[in-house]
Amino acid sequence: MKRDLHILDVTLRDGSHSMKHAFTEEQVRQVAKGLDQAGVEYFEVSHGDGLGGSSLQYGLSNVNELKLIEAAAEEAKRAKISVLLLPGIGIQEDLENAVKAGAKMVRVATHVTEADVAKQHIQLGRHLGLKTVGFLMMAHMAPVEKLVEQAKLFESYGAEMIYVTDSAGALLPHEVKERIQALKQSISVDIGFHGHNNLSLAMANTMAAVEAGATYIDGSLRCLGAGSGNTQTEVMVAVFDRLNYKTGVDLYPIMDVANHVVAKFMPRPQEITGSSLIMGYSGVYSSFLLFTEDAAKKFGVDERDILVELGRMRAVGGQEDLIYDVARELANRKHSVI
Ligand SMILES: C[C@H](O)CC(=O)C(=O)O
Ligand SMILES: [Mn+2]
């Protein structure tokens with residue numbers, strides 16, 4: 001079928017953050033089967049921080065991600081499996097193994113100002129015959145011109161699509177629109193958008209992205225993802241159907257996998273809590289949420305104070321250890337005042 005809009009579901013990758021990287025093979029099989037039967041074209045499977053992310057710094061996976069990719073590939077009769085790769089966290093061999101396990105797409109993710117570290121990974125993706133995507137994270141942290149410059153770099157390396165990634169759920173709809181519009185005028189490859197719901201704007205931002213020309217959009221079932229989670233896949237299906245876009249995804253089956261499969265194993269509902277709201281407000285990487293909760297408990301400080309400080313410091317993905325430094329520093333200050 002000809003789709004006007006391509007939905008990429010990230011439940012089994014971004015959702016890994018909320019699951020503390022503890023997906024079981026059976027959970028992955030059930031979600032993969034449900035997504036496939038509902039008509040989802042692409043879905044992503046890997047550690048939350050991408051291939052090779054299982055580590056003390058990012059959180060250890062319970063089950064090896066290659067095993068999960070393989071299981072998902074067995075269930076996916078029509079859907080194609082994507083993997084995320086952050087250069088340095090994942091290496092060439094990880095991507096080659098992911099392809100052997102069944103991956104058909106790679107999204108090479110860098111901080112919004114760092115696309116130049118990804119040249120060899122984009123080239124490798126193309127060489128391996130994958131649909132190869134450049135994924136610019138923390139898009140709120142760079143002015144529009146910088147984002148365009150970095151997208152052009154990705155395109156020059158061979159990326160077939162560029163994503164604007166609102167990792168902190170910090171962008172407002174007009175800011176999404178100006179970013180996508182600027183890319184539309186400057187690059188000739190497809191444009192995608194990945195949102196987080198920390199300010200309750202994920203759906204509005206996804207609509208703004210589509211209105212401005214994005215044709216690939218990310219979502220997760222029941223919003224399962226970092227921070228307050230992602231744009232809700234089953235809601236996107238309903239909204240874009242109302243707007244007369246063809247996504248190729250059937251509403252009842254996608255609702256069924258969300259509500260009868262994912263909802264049953266979610267550790268908690270994806271709500272906008274005090275902390276995730278502050279992530280959107282201060283522009284902090286959504287996957288810092290659970291580490292921040294842990295650090296706040298360990299050092300007896302307010303999670304929101306940690307997040308405001310991290311936002312002020314412009315902390316980026318990969319600096320998870322800073323969360324504990326900031327919490328310790330806040331605790332020291334508190335005790336020296338008393
Ligand atoms: C590694 C991150 O979780 C990638 C992502 O989904 C984002 O930046 O948002
Ligand atoms: Mn994300």
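Positions of Cβ are set from backbone N, Cα and C atoms, glycine also.
Source: prediction; values computed, not measured.
What TrEMBL says about this protein:
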| type | residues | note |
| --- | --- | --- |
| DOMAIN | 5-255 | domain 'Pyruvate carboxyltransferase' |
| SITE | R13 | site 'Transition state stabilizer' |
| BINDING | R13, D14, S167, H194, Y285 | substrate binding site |
| BINDING | D14, H194, H196 | Mn(2+) binding site |
| ACT_SITE | H17 | active site, proton acceptor |
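Structure with TrEMBL features highlighted.
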residue	record	CB count, 10 Å
R13	site 'Transition state stabilizer'	28
D14	substrate binding site	28
H17	active site, proton acceptor	25
S167	substrate binding site	32
H194	substrate binding site	31
H196	Mn(2+) binding site	32
Y285	substrate binding site	29
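The substrate site, placed at the center of the C-beta atoms of R13, D14, S167, H194, Y285, has further neighbours from the same chain whose C-beta lies within 8 angstroms: V10, H17, G48, M137, T165, H196, G225, A226, N230, S286, S287. Residues D14, taken from the recorded positions R13, D14, Y285, are distinguished by a CB atom under 6 angstroms from ligand 2. Only D14, S167, of the binding-site residues D14, S167, Y285, place a Cβ under 6 Å from an atom of ligand 1.
Residues V10, T165, D166, S167, G169, G195, D218, S220, G225, A226, G229, N230, T231, S286 surround the recorded Mn(2+) site, their Cβ atoms falling within 8 Å of the Cβ centroid of D14, H194, H196, which are themselves excluded. Mean pLDDT of the predicted structure over the domain 'Pyruvate carboxyltransferase' (5-255): 98. Rounded to a whole value, the Cα-Cα separation of H196 (Mn(2+) binding site) and S167 (substrate binding site) is 6 Å. If you take the Cα of H194 (substrate binding site) and the Cα of R13 (site 'Transition state stabilizer'), they are about 13 angstrom apart, rounded to a whole number. Cα-Cα distance from R13 (site 'Transition state stabilizer') to S167 (substrate binding site): 14 Å (rounded to the nearest whole number). A distance of 12 Å separates the Cα atom of Y285 (substrate binding site) from that of the residue listed as 'active site, proton acceptor'. In this structure, Y285 (substrate binding site) belongs to neither helix nor strand by DSSP; it is coil.
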